[in-house]
Amino acid sequence: KGLNYLSQRAREKELRSLVSNLPYEGQEKGKQPNRFFSSNSIKTTKYSPLFFIPMNLYEQFHRLANVYFVGLAILNFIPVVNAFQPEVALIPICVILSLTALKDAWEDFRRYQSDRKVNNTPCFVYSRMEKQFVERRWKDARVGDFVKVVCNEIVPADLLLLHSSDPNGVCYIETANLDGETNLKQRTVANGLCTSNFNCKVVCEKPNNNLNHFKCYLEKPNEEKVGAGIESLLLRGCTVRNTNHAVGFVVYAGHETKSMLNNNGSRYKRSKLERKLNIDVFFCVILLFTMCLIGALGHFLWLESLPGVPPYLVPDSSGHLDSPGLTSFYMFFTMIILLQILIPIALYVSIELVKIGQIFFITNDLDLYDEETDSRMQCRALNITEDLGQIEYIFSDKTGTLTENKMVFRRCSVMGTEFPHKENDGKLVQQIKRAESSSRRGGGRKIHPYLDFFLALTICNTVMVSMATAKRERVSDLFCQRKPKRNRTRSEDPAVGSAKMESAADTNGVQTCSLHPLSQRDRPAAASQSLHYEAQSPDEAALVHAARAYGFILLARTPDTVSVRLPSGQVLDFEVLDTLTFDCTRKRMSVLVRHPVTRECVLYTKGADYAIMELLGTPYAEHLSGNQKDVAAVTQHHLDCYAKEGLRTLCVAKKVVSEDVYRSWLVDRKRAQASMDNREQLIMETSVQLETDLTLLGATGIEDRLQESVPETTVALREAGIHVWVLTGDKPETAVNIGYACRLLEEEDLVINMSCKNKLKHFYFIQLTCTSILDCTLEEVRRYEEDPCNVDTTQNIALVIDGNTVSMALSPDLQDRFVDLAKRCRTVLCCRVTPLQKSEVVKLIREKLKVMTLAVGDGANDVNMIQAADVGIGISGQEGMQAVMASDFAISRFKHLRKLLLVHGHWCYTRLANMIIYFFYKNAYVNLLFWYQFFCGFTGTAMIDYWLMIFFNLFFTSVPPIMFGIFDKDVSAEVLMGVPELYRMGQGKGEYNFLSFWISILDAFYQSLVCFFIPYLAYQDSDVDMFTFGTPMNTVALFTILLHLSIEIKSWTLVHWITMLGSVGLYFIVTLAYNATCITCNPPSNPYWILQSQMADPMFYLICTISTVAALLPRYLILPASNSISPSPLLQGRLLDRRDPDTKALRIQEWRGFRGGGEQVKRYRLSPPPSPTLDTPVDYVPEFDLTGDDFSLNVITHQSTVHT
């Protein structure tokens, strides 16, 4: 009892009880019952005017580089360690912090303006005193208020629907502002609720961000509980459509609404390049500390070598002089301040600016714009653009990603008889007529199975019916058919299959389609011309249009009734008793109705074939004879044929439920709907309880065409060294057919098909079998790799594996074997997998192989997979925008993936990689100061004026590398698209790696030696002052650094010329002005007229020329020599750009053929695993028959099929 009490108390804490505010209207806030809940005012700003500076600094100091530089600036204020004027040391970090603060302030001000606009939007709240709805502001609405929303207005808070102007208690909403879906959704008033005198207590769950679930019940004064769910909740941000007005009770307000809890802003991920950058920054810190340690040790040795105390070592006021050891300890920190710019302070800001520029060019690429949907590329994660150039594995959904997700009804099987949906094929129409006649002769007491089949297609869905005059502000053209494209692997009628789609558009641009067999007589205009169907799934729309083609017309749908017109013209009004919605566990949906003729309770069910077949009871045996009695077996054969043709399959079934069973079930159903604990589980259990002993009616085959240019895209991705996997919920036969169609599979490939029909029964033996077959297949693959005769061959192995086998392969004991086999396969097709399995597969490959992964999908079932990958891409297709909202990038077509990766991904990676390497090289300019320490006793003295030294990195050399990172193109887009192999340069370690980093650092050390010692030798034994000695070095360093960048730039543009020449001009203008005016800016030194005097001396020009040429000479010599001896693929690609268009196209074809993109590549075919014989070793069990055929392995080639 004590445990039950504690459990009850815990559950109560997870709930909130709400009452109406009306009885307390006008009373002080302390007496309001709902005062503890959030108000409806929102605030998305991060800062307030008073605390902006401290809060912004706190945010910026989360970046350790900023803490590092601020710490050094503060350290410079300590007299015993300061290297130069303390105020000067603050300039670089203050500039960086100020620029970032200005950017943050502007973004926050825009958020403030948006918040103010939203909070002051008008709405209608009921007032008991005025006895009517009065106008208020959104920010004034509170939990417990009654709010009225009229048509085309946005819902101001999360409202529990209590009343609708629709007589059936229905309110239609559009959720485009939340998930991008433009199709209407239906919300209904809770059953059994009296709204005329509302005095219920509302008990609901605590606020959460789940847009698809809501648990609540209303407790009446008599303690009767009425359950309500998401179907009765109007979400903040939704728009009311096709409903004059609706009234709701505020359950969540402001920041507790589901839409605000989902408003997380831009996604943040750390790119692979950024992680590598942090490691190299750490190496720079080690290098800096090493140089400072050398300086401190050198200063100690220099002090020890002095015979006495030199006059320039001034003691303190008490006459005390620090010991050499303590002075050297102080000198260590002085050297850190002096050499601090070895750590690139401006690098992080430059990377952000470069990524903004890259995103601008990606989103404005016309090749990534889809004219049909008027949508362009979206970048939702702003900091991983370079990851697009390093992808090694792509995991793709099938439906809506590789295919159009625009369904066309092709074939159906009714009671074991197969009917192709072709033009001039009236067999099914005649069969329906005979079925109607048979039912009429029977007095309507017995419904013919053929009628039941099409009634199920018409009723068992969530399709809503609207009229052509319904006002809509958005356009929807989801189901208008395009001209079909022929495909070598699809069996397709050249005459668009079976029927014609007639598109009708209303005055507001809303398009729907009607489907009519060509042999059918015209229907009455009232029934066919004014109806428009809006479906949440293209499959449902295709089935409803197919039923309409055969005369079963869905006329209207309300929460309680469905009206259907039969081919004879008779209208049947079915009473909807309950709807058992689809879920990923059951893989089916059902509708329980009361038949208007027989008055029977009939359950119509449709779903995946394997989900329906296992629930079958006795079929319509009385209507069949001879071989047709086994309807299930014949229908299964038809389903297999449909799948091999690449059609999407569904099974349709029914069940007559007795009144006693229905009443008993209804009690359990209501109890589950009113429950607050495990509501979803209890509701699913009641659904499963009713969906038993079904009667099979038939099956459907729906075609989902490939998207445009999918085969070309997959071939290009494969040539780019990317492994493409398909993770789908479809049947293996369908997936294999699509695999051949989009050229993931080729005719000469070896296809390994692993399937398990029962993952629970005899699990140990099935796992043993799976282990044995994995071992056998791996042994065969390894034998091929070890054969010296197969050095120049290409493996063409593909793995097809179903969901049950995947679940076993993901077990800890088999993970390594599965990954070892999968990485040797060119393509893997995972079929019948759940959304959770998709994400687990992606995580397994990413973590085990340490590779860069990309997941692409278009539906809510792909969200887990998209979020599990390093890069997630959503396709804005026919299944809403859930995938897009969870993704890092969004495209409208799969074909756009080709240019996004091969061109923009390559450019983004190479630009950033080269820019980062250049930044590390550029900041090694500080080595000039380090070499000077050997000639000044390691005293931390600088021969360059401090102001010019700061301006050097902050202004003179900062803009050119940023422009280099935004505009440089090492290879043109045409060549990158034509030669996908060039993409491989970014995979694995890529261009920015351990070796390239240290080569740039060593090159910088060499160049600094040249830039220091040539001026040193030139002025040796002269009487020039320190700044006269340092100014030529500063000028030589500028020329060397900019000319070094000019070598790296592959495509010069006007922007490059302006920034390069502008940097040189800015250097001379600022330096000349500084030397002329700042006489006492940095006492006691005097930089007056230094550069002016130098420019009048020919020695200055000679030093600049010789030093610059000597510093860059190795780079000028080594790069051409290495490119001549062993030219890289990128260099060959750049050479192609110089050819004329015809020659370039010819060279690209030759390159792809030679490298493996054409048909000239040598193929190798593995021998299939051995078939089981009496000589098979005991430890290898290729076939283990447990319950007939629980586990199977098929090895398929273009010549034969071997079953084991």
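Cβ from N, Cα, C; glycine included.
TrEMBL: automatically predicted annotations, no manual curation.
Between the stretches 919-938, 1099-1118, TrEMBL puts its transmembrane segment entry on 1099-1118. The number of other CB atoms found within 10 A of the CB of Thr399 (ATP binding site), across every protein chain shown, is 26.
The 10 Å shell around the Cβ of Asp397 (ATP binding site) contains 29 further Cβ atoms across the protein chains shown. Distance noted between the C-alpha atoms of Asp397 (ATP binding site) and Asp862 (Mg(2+) binding site) is 7 Å. When the alpha carbons of Arg648 (ATP binding site) and Asp858 (Mg(2+) binding site) are compared, the span between them is 17 angstrom. Arg648 (ATP binding site) is surrounded by 24 other CB atoms, counting those within 10 A of its CB over all protein chains shown. For the transmembrane segment (994-1017), the partner stretch with the highest count of Cβ pairs under 8 angstroms, out of 64-82, 277-302, 329-351, 1054-1074, 1099-1118, is 1099-1118. Most Cβ pairs under 8 A with the transmembrane segment (64-82) among the ranges 88-106, 946-967, 1099-1118 are made by 88-106.
A Cα-Cα distance of 8 Å separates Thr399 (ATP binding site) from Asp858 (Mg(2+) binding site). Between the transmembrane segment (946-967) and the transmembrane segment (88-106) there are at least 3 Cβ pairs closer than 8 Å, counting only pairs 6 or more residues apart in sequence, which means the two stretches are in contact. Of the two recorded stretches, the transmembrane segment (88-106) lies close to the transmembrane segment (329-351), with three or more CB pairs under 8 Å once pairs fewer than 6 apart in sequence are set aside. Neighbours of Arg832 (ATP binding site), defined as other CB atoms within 10 A of its CB across all chains, total 21. Other Cβ atoms within 10 Å of the Cβ of Asp862 (Mg(2+) binding site) number 31 in total over all chains. A simple way to gauge crowding: the CB of Phe582 (ATP binding site) has 19 other CB atoms within 10 angstroms, across all the protein chains here.
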